Amino acid sequence: MQDTPQTLNDKAKESWRALQQHAADTANDHILDYFHSDPSRVQSYSLTAAGLTLDYSKNRANSITLEKLVKLAEDAGMKRSIDAMFAGEPINHTEGRAVLHTALRDSSDTPVLVDGQDIKPEIRSALAQMERFVSKVHRGEWLGYSGKPINDVVSIGIGGSYLGPRVAVEALRPYWQENIRCHFVSNVDGSDIAYTLENLNPETTLFIVQSKSFTTQETLANSMTAREWYLREGGSEAGLSKHFVAVSSNVQRARDFGIDAENVFPMWDWVGGRYSLWSAIGLPIALQVDMKAFRELLAGAEAMDQHFKTAPLEQNMPVLMGMLGIWYHNFLGADSYVILPYDQTLENLPAHLQQVDMESNGKGVNRAGIGVDYATGPIIWGGAGTNGQHAYHQLLHQGTRWTPADFILPLKTHKPAGRHHAMLASNCFAQSQALMCGKSLEKARQELLDAGMSSERAEELAPHKVIPGNRPSNTLVMDEINPHTLGALIALYEQKVFVQGVIWNLNSFDQWGVELGKQLSDSILPMLLDTGASTDALDPSSAALVERFRRANGSGS
């Protein structure tokens, strides 16, 4: 358990100390005991919002725990912070920006002001621009240089310009347009774009260059390679504008690349990359499904936003999930969090949420620039069930470090096949039950004896089959994965991350930690390309690695 943080306000410190004492008082509690003492626990610890139902009854928390967690949220100024974000206050203070990805999915007529200007007309204009473009592509009216309609769309971006749209496209596979296939290229590793282009036809391929500044190293490198491929395979300079569009705030750089200004979709400083799938960055989503489905995605997120804004903290899904995470991370010693979607189309959701969470709250100083004396962002990881059961679930059940888990399950499938979905659901429910209930040494021994094993052998083997149990989890269910529930699900985790950032007093909307690596990469690249370039500025290890690269590529000494 961590000491009381000195960088919190006085009221929050008191609440923190109360939780520290409560953690000590309940150290030997078992989740199962909470069920035995409260027959209505499942009903009391379940909540529905925006088409999602959260069962948080399998948590190491009782009513007193939740009261104290909500008190900490109140004392940390949670309600005021929520209102400030939605009002467009510049809560990203290190960059002097508002944080208004929520405005992108706000369908009301209520103005949202940035620097005194209502941004709603710009948002509506961008959606209308997307609508016109997507409609042309889907009707076969957007023609390539040879007069053929578009069949393949390649989205080139990285980080939030890549993960969010890709996750949404994959999750909404039942809603795909038949004649469009979306591909995603992000890595500067040349094999990424090379393998993507291998089976594409330049006559029928559209590229979307996704970069706010139009200077992102990886995105520009891949876009230039795509441009060269297009020209090499028969495309013309004159037809370039039919095959390349951009999502960027730097219209001039996009024009210099060869993209018509009217085919540059806007980005704004008040939308962070990891929160940008709701903007024109979501153009690949709209092209792969349609604008109606894209608007439903926005509507689902808006429904979760409305719940987050208006529900009391003790009945607020993002707040409860966020505060339970605080409980485990700061008071019970968990240092990671696993997200387990039991749906193959959500296979990459944990990767997107990993970025949203770890880039937002992986910070070591508070909003005043003072080093924090408490743990902040946890390690986020996970993958699709049931695959994980044959990999890392062993650690979840018997490892020496326990990890809180979120199970995510659509109750119905778009692709029924025999008993498959019932089998999937049974595994999902069984895993959360096993984490909570475990298996005692006595039960393990008796099972072995009942199976006909000798007493001596059963005594030897039983300890290896013990499952400690008392390991917490949430279960999130929805009727099905559709645009609305997907939007709500992603927004839920966005707001959960915000909640935790408020408690830790962080700026969850900058990412200065990624800049140093970019700077060093810019200085190392010339050393790899020019064998005469000095490596004296590098540390000995890095200099040796540069020399090894040179030799491997026939240019070293």
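Cβ coordinates are placed from backbone N, Cα and C, and glycine is handled just like the others.
The active site, proton donor annotation in Swiss-Prot covers GLU359. DSSP gives GLU359 (active site, proton donor) a helix state.
Residue environment of HIS390 (active site) contains 8 other Cβ atoms, counted within 10 Å of its Cβ in all protein chains. What Swiss-Prot lists as active site is HIS390 (among others).
The Cβ of LYS518 (active site) has 10 neighbouring Cβ atoms from other residues within 10 Å, across all protein chains displayed. In three-state terms derived from DSSP, LYS518 (active site) belongs to a helical segment. Annotation comment: Swiss-Prot describes LYS518 (among others) as active site.
Across the structure, LYS518 (active site) and HIS390 (active site) are spaced 37 Å apart at their Cα atoms.
GLU359 (active site, proton donor) and HIS390 (active site) have their C-alpha atoms 29 Å apart, to the nearest angstrom. Residue density at GLU359 (active site, proton donor): 22 other Cβ atoms are found within 10 A of its Cβ, drawing on all protein chains shown.
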